[in-house]
Each structure stands twice: as structure tokens, then as C-alpha cells.
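Trainee: Annotations for this protein, taken from TrEMBL, read as follows:
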{"type": "BINDING", "residues": "His77, Ser95, Tyr166, Val167, Asn168, Ser183, His251, Pro252, Glu253, Thr268", "note": "iminosuccinate binding site"}
{"type": "BINDING", "residues": "Cys140, Cys225, Cys311", "note": "[4Fe-4S] cluster binding site"}
Amino acid sequence: MESVQIGSEAWEAKAQAVLPSSLVPGLTYTPEVARETAHLYERVARVIPPVEWPQFAPYVKAINDLKRVRNAVVLAHNYMTPEIYNCVADVVGDSLQLAREAAKADAEVIVQCGVHFMAETSKLLNPDKKVLIPDSRAGCSLAESITGADVRALREAYPGVPVVTYVNTSADVKAESDICCTSSNAVRVVEALGAKRVIMIPDEFLAKWVQTQTDVEIITWKGHCEVHERFTAEELRAYRESDPGVKIIAHPECPPEVIDESDFTGSTSGMIKWVEDNQPSKVLLVTECSMSDNVAVEAPNTQFVRPCNLCPHMKRITLPKILDSLIFMKEEVTVDPAVAGPARAAVERMINLNH
Ligand code: 13P
Ligand code: SF4
């Protein structure tokens, strides 16, 4: 469908062709919208100024109404902006939590607020459901860094060595793998194979961090996250010098010298849990920017220092696009049947390991 300005007359006409007129949202901040969304604004008041709420609230109400009409569930990654994470998501989490919840979803439609590989994983685990992503251009530099043919070449170079594949990959790559992992279970997955050597793709830095936690020899690939690779040890040292009390916690996609400067390393959910458990007075989350806003909502006594690196792919997902997704049931995610079976098996092996 050619794209038209959301809320315009042309958009309303198109929406009325697929929904009864009474369900096509008006998208203005009326007293009714203010009343119905007041409890949600309370949740985000620490991170969204009151002057911005009237832009978000009509979309929040419309999305929540349409989720019921479409029997849809919204799965949102921890990097979503606070109005998505707190006001329209049914499930939030890191890649592993979202994959697990996708496997349990009993709605007819899954709207994946995250990047394309996450939506593909949901589709693998729910072949009979409609999986939508609000913007299919939401990619990932790690997923782009490797192809199925590259994995076949690695297997030829290292015969018999099992392949552990980070979920931040395409279904083609997963299909060539023995098992998947996420940053929250990577060490466990590597050790569960009982092998002396494993190939771990595609994130070089995650693999190097896992190598510091295990005796299994790890062969890796040169993929990097374009967001985490930009952090430097020097900038973290500068933060510590100016504020010696600050706690620094880093995602394992960061370069090794950045991880060396941190007090804790873990997946996005591991980082959230660390803040909950330790209640630091000041913390620096070395990861995507929106995480700090989302954790700040739950941690009123902690001050967040923000070196802001945004993931341009995650930031493609917005409230207007989620609404468009639910109205026009787009953009539907499909997986080539030739790779779906083996790719699903690699994801399921990981999920079953965690039960
Ligand atoms: P998590 O699994 O830790 O949420 O990481 C996903 C991701 O894309 C981080 O950049
Ligand atoms: Fe990919 Fe990095 Fe964005 Fe995560 S933050 S989706 S790893 S590019």
C-alpha cells in the first residue's frame, strides 16, 4: 500500500475501507483521551514532559483499543521508547524473554516492536499466527554481518565444531546453526554443548566476553553492533574521574576494553535486574539510550548518566507506525519455508535448554 500521512483525510478514507468507521481513531487529544490515558501518563511522567503527552496519548488510546479488536499482543524490546514500552506493550523484555513470550502467545496477531530478526524469531515460533513489524526496514548490523553461505564455509573450515548463533541473525543463518543463544544465556548454551571448541557467530565482542567466562575454546566472526562498538574505555574513564561514585554496567556487545571498565556486564534484562537489586545512587548504562528512560521509570532513587547512543533500527518503530500496523495489518513477516524448519529447531533448542 502506498504510504499516506497518518491522520490525513486520505489515511482516514483508507482506514475506513478496512475498519468500521466507528473504530477509525480521531487522533486528537480530547478530554476523553486525556481521561482514559491518565493512568498511563502517571507511569511515564518522570521521563515524558507533560507538554509532549498530548502528541502521544491519542495514539496510545487508539493502539490499546485496536489491540482488542484485532486480538493482538504487542511484544516490545527494552530499547523501545518509553511511550511504547510503558503505554502500549503487553510484554517487554530482552531477546530471550521476547522469544519465550512469543512461543506462549495466544493472540491471533503479534506486533513486534523491535528489529526484524526479533519478528522473524516470533514467526518461527508461531508459524500459524500473523506476525507484524511496524517498519520492516528495522534491521541490525549484526544480522547484516553474516549469511548462511558464510556459516557453511565456517563449517567446512572447522569440521565437526558446533555452531552457536546469536539470535541477532537472519533465519537463513539460524537454519545453518546447531543452537541459538542470546546475551543472557550465551555462556550456558556454549557449555551445554559439551564440546571443547565451538564456533560462536556473529558478534566478535559477545564471543570474546563469553571466552572470559568459560574454558570452552571459542572461534568467532567479525560482526559488531554499530551502537555498542561506539563506546570507548576512554569516555568511561572520564565519567568515573568526574564522578567516582558512578556504577558502570555494560552490554556484552561492547568492545572488551569497555567491558573491562565496567562494574557489571549483562543482557538488557540483566542490566535492569542489576539496577533493581543494587539500587545504585548513580548509574551509567553502557547500551542503547532508551534503556535508561525505561529503567528510570522503575528506579526513582537512581540517577542515570546518559552517554546517548541510539539504535537507528529500533528507533524506526514509533506509535504512529504501530497504529498503522494494527489498522492495515502490515508489515507481515514471513520466513522462507525451506529454512523455517531448521531455523526453528535452533531457536527451540535454546528455549528448551532454559526450562
Ligand atoms: P538483549 O538480548 O540483551 O536484549 O540484546 C539485544 C540487542 O539487540 C542488544 O543490542
Ligand atoms: Fe542490532 Fe545493535 Fe541495534 Fe541491537 S542495538 S538491534 S545489536 S544494531
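Every residue, even glycine, has its Cβ placed from backbone N, Cα and C.
Where the annotation comes from TrEMBL, it is an automatic prediction and has not been curated.
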Trainee: Looking only at C-alpha atoms, tell me how far Glu253 (iminosuccinate binding site) is from Cys140 ([4Fe-4S] cluster binding site), rounded to the nearest Å.
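Mentor: Given the Cα positions, Glu253 (iminosuccinate binding site) is 13 Å from Cys140 ([4Fe-4S] cluster binding site).
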Trainee: For the binding-site residues His77, Tyr166, Cys225, His251, which residues place their CB under 6 A from an atom of ligand 2?
Mentor: Cys225
Trainee: Please determine which of the binding-site residues listed here (His251, Cys311) has the lowest count of neighbouring CB atoms within 10 Å.
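Mentor: With the binding-site residues His251, Cys311, fewest surrounding Cβ atoms within 10 Å: Cys311.
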Trainee: Near Cys140 ([4Fe-4S] cluster binding site) in space, meaning Cα within 10 angstroms, which of the binding-site residues do we find among His77, Tyr166, His251?
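Mentor: Within 10 Å of Cys140 ([4Fe-4S] cluster binding site): none of them.
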Trainee: Do any residues at least six apart in sequence from Asn168 (iminosuccinate binding site), in the same chain, have a Cβ closer than 8 Å to its Cβ, and if so which, in order?
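Mentor: In sequence order, the residues whose Cβ lies under 8 Å from that of Asn168 (iminosuccinate binding site) (at least 6 apart) are Ser95, Phe117, Cys140, Leu142, Ala143, Pro202, Asp203, Cys225.
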Trainee: Rounded to a whole angstrom, what is the C-alpha distance between His251 (iminosuccinate binding site) and Cys311 ([4Fe-4S] cluster binding site)?
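Mentor: A Cα-Cα distance of 14 Å.
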Trainee: Using the centroid of the Cβ atoms of Cys140, Cys225, Cys311 as reference, list every other same-chain residue with Cβ within 8 Å of it (recorded [4Fe-4S] cluster site), in sequence order.
Mentor: Val115, Ser141, Leu142, Asn168, Glu226, Val227, His228, Glu253, Glu288, His313, Met314
Trainee: Quick one: largest C-alpha distance among His77, Ser95, Tyr166, Val167, Asn168, Ser183, His251, Pro252, Glu253, Thr268, binding iminosuccinate per the record, in angstrom?
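Mentor: Binding-site diameter by Cα atoms for iminosuccinate: 17 Å.
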Trainee: Does His77 (iminosuccinate binding site) have same-chain partners at least 6 apart in sequence with Cβ under 8 Å from its own Cβ, and which are they?
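Mentor: His77 (iminosuccinate binding site) has long-range Cβ partners Val92, Gly93, Asp94, Ser95, Leu98, Cys113, Gly114, Val115, Met118, Thr268, Met314.
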Trainee: Would you mind reading off the Cα separation of Cys311 ([4Fe-4S] cluster binding site) from Tyr166 (iminosuccinate binding site), to the nearest angstrom?
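Mentor: That comes out at 18 Å between the alpha carbons.
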